[in-house]
Amino acid sequence: MICVILYPWIRRSPCVTSTSSIRLRKFCSRSIRTLVDSIVPLKPSPEFFKMSAVPEELGKIFQYVDKNKERFIERLRDVVRIPSVSSAPDKRDDVIAMVRVTEEKLKKLGAKTELCDVGTQKLSDGRTLRLPPVILAKLGDDPSKPTVLVYGHLDVQPAAKEDGWNTEPFDLTLSCDGKKLYGRGASDDKGPVMCWLNAIESYQNCDIDLPTNLKFVFEGMEESGSEGLEELLEAKRDSFFKGIHYVCISDNYWLGTRKPCLTYGLRGICYFFIEIECAVKDLHSGLYGGVLNEATSDLIHVLDSLLDRQGKIKIPDLQNDVLPVTDEEKELYKNIDFNVSEFKTEIGTNQLLHNEDKAKILMSRWRFPSLSIHGIEGAFAEEGSKTVIPRKVVGKFSIRIVPNMEPQKVEESVVKYLTSVWNKRGSNNKFKVYMTHGAKSWVSDVNHTNYTAARAAVRHVFNVEPDLTREGGSIPITINLEDVTGTNVILIPIGCCDDGAHSQNEKIDVLNYIEGSKLLAAYLYEIGNQHQKS
C-alpha cells in the first residue's frame, strides 16, 4: 500500500537517483503483485492527479532547468560579484554597472530595452550624485497573448567580511553540503531576477513559445527608497505601462522554510516624530537636575501613553476603520504552515502576546495595525556614563496600518491624542508631534487569474497547494504598480524566511533558486493558459 502511494512521487522526486528509483520501482512492482489479491486497489482522487500532473511542455522546461543548474548558478555568481550598494556613494558606478550587465542579459534574450534617466540624488553633504538608470524592457508584442509586467531590483544592502560574514559577501559561495548559496543579493533580489532570466531562456532553448508578452522594470535604488522611480512610472503611465494584464513581483520570502506561499497583502506605515525641548543647551544634571521639567522624562511619559501591557494601541478611534475578519479570510489561516514554537525560537522569546494561537499571531502580524517605538534621538546612548540632561530629544515610532486605514486620518488621530496627553502632563517644555511619511496598505484579490495561475504553478513545481499569506511590512512599489497599470499585482516569493536578507551571511537555498526558476516558467505557462479561458 505504501508503494502504491509513493510510486508517482518516486518518478518525479529530485531527491531520488536514477539507480535508486529503478530499485524502488522494482520493489514496488513485486510488492503490489503480492498484495493485489488481498487488498482493494487504491483509486487516486482527481485532486491527486490535478496536483501531480505536469504538462508536457513544462516537463521539457523543467528538465532543461535541471540540466543547466550549474550554469544558472554561475549566472547568479556573476551578478553577486558586483557590489551594487545603492546607499554608498562610492559604489554608485557599481550599481550602474549592475544595471548595464542586466540590460545586456535581457538583450541576449531578445528583449528591447531602454535605460531611463531618472535624474540626480542630493546627498546629505550637499553633493549631487547621478541616480542609476531604470531598465524598461519588452519581450514579445503578440496581441493575442496577455502581457505580464515583472518588477525586480538590482541594488543591495552594504556588506563586508568584517561585519560578521563567514564568507566574502560578494563572492557567491556554495555551502559544504551543496544546499545553500551565500552572497549579498543572492535572495534579495538578484537571485529572483536571475530566476526570470533562467525561465525565459528555458522556454527559448526548448523551442517553446513564451505564453505571454513580458515587460520588465528593473531598478537600482530600491534599498534606498526607489528614488526617481515613482516619477518615471507616472511619466510612462500612458505608454510603457499601458495594456498590462498582470503584475508580478518577487521581492519577499516564504513564511517558513518548507512550504511555498503567495503573498496577497502588505501593511502600510505611518512614521512619527515627537520633539520635546527643555533648554537652549545640554545641562549638567548635578547643577540643574530637579529644577526643571526634563525633556527625556516628558518624552518617556508621552511614549508610554501609546500602548498598554498587552500591546494594544491606546489611541482612541484609531482602529475604527479596521475591517472585520470574514469567514472566508479565517479559512485562509487554518492550513498555513507556521510553527509557533519555531517562531519563538527564532525571536529568542518564551512568551508571545497571543500565546500559542497561530491564527491570532499571524493576523496580528499581517492584518491588524501595530505600533512600535524605535528610539530616542538626542539622549545619551553611548557606552559608559554621562551625567547630561539633553536639551532636546526626539522620540520615533511607527504604526503599521491595514486596508481601510488612511495615513492622513491616522495622522489626525495621533496628533489629537498625543496633544491631549501632553496638555494633561502640564509641562512648560516645547512639544511637537508630526508624521514624517505615510504609505497605504495593499491587499489583492486571491481569486484573480493572477493568483489561480500562480497556485497552479506551485502545484506543478512543488506538488503542494501554496499558503496564501500577507506580510507585516511595506513594499511601496506594489501600490505604485497597481495604480499605474490598473491591474492585479501578485508577490511570488522565491527565497525562504531564513535567508538573512539585509543581514550577515545572506543566502538562497539551491533548491529555491532552481525550483524558483521552474516556478516562474510555470507561472507564465498558467497565465497564458488561464487568460485564454477567462
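Here the Cβ of each residue, glycine as well, is placed from N, Cα and C on the backbone.
The structure displayed is predicted, hence computed values, not measured ones.
What TrEMBL lists as Mn(2+) 2 binding site is His153, Asp188, Asp251. Same-chain residues at least 6 positions away in sequence with a Cβ under 8 Å from that of His153 (Mn(2+) 2 binding site) are, in sequence order, Asp189, Val193, Phe218, Glu219, Gly220, Met221, Glu222, Glu223, Ser226, Asp251.
Around the Cβ of Asp155 (active site), the number of neighbouring Cβ atoms within 10 Å comes to 27. The annotation active site is assigned in TrEMBL to Asp155.
As annotated by TrEMBL, Mn(2+) 1 binding site applies to Asp188, Glu223, His502. Around the Cβ of Asp188 (Mn(2+) 2 binding site), the number of neighbouring Cβ atoms within 10 Å comes to 26.
DSSP classifies Glu222 (active site, proton acceptor) as helix under the three-state reduction. Residues annotated as active site, proton acceptor in TrEMBL: Glu222.
Per TrEMBL, the feature substrate binding site maps to Asp251, His284, Thr387, Arg400, Ser474, His502. Sequence-distant neighbours of His284 (substrate binding site) (same chain, 6+ apart, CB under 8 A from its CB) are Thr387, Val388, Ile389.
If you look up TrEMBL, you'll see 264-420 marked as domain 'Peptidase M20 dimerisation'.
The site 'Important for catalytic activity' annotation in TrEMBL covers His284.
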Other CB atoms, at most 10 A from the CB of Asp251 (Mn(2+) 2 binding site): 23
Residues near His502 (Mn(2+) 1 binding site) in space but at least six apart in sequence (CB under 8 A): Gln157, Asp188
For the domain 'Peptidase M20 dimerisation' (264-420), the mean pLDDT of the predicted model: 95
Spatial neighbours, same chain, of Arg400 (substrate binding site) - Cβ under 8 Å, 6+ residues apart: Arg267, Gly268, Ile269, Pro369, Ser370, Leu371, Ser372, Gly472, Gly473, Ser474
Other C-beta atoms that fall within 10 angstroms of the C-beta of Glu223 (Mn(2+) 1 binding site): 22
Collapsed DSSP category at Asp188 (Mn(2+) 2 binding site): coil
Least surrounded among the binding-site residues, given as Thr387, Ser474, when other CB atoms within 10 Å are counted: Thr387
Where His284 (substrate binding site) falls in three-state DSSP terms: strand
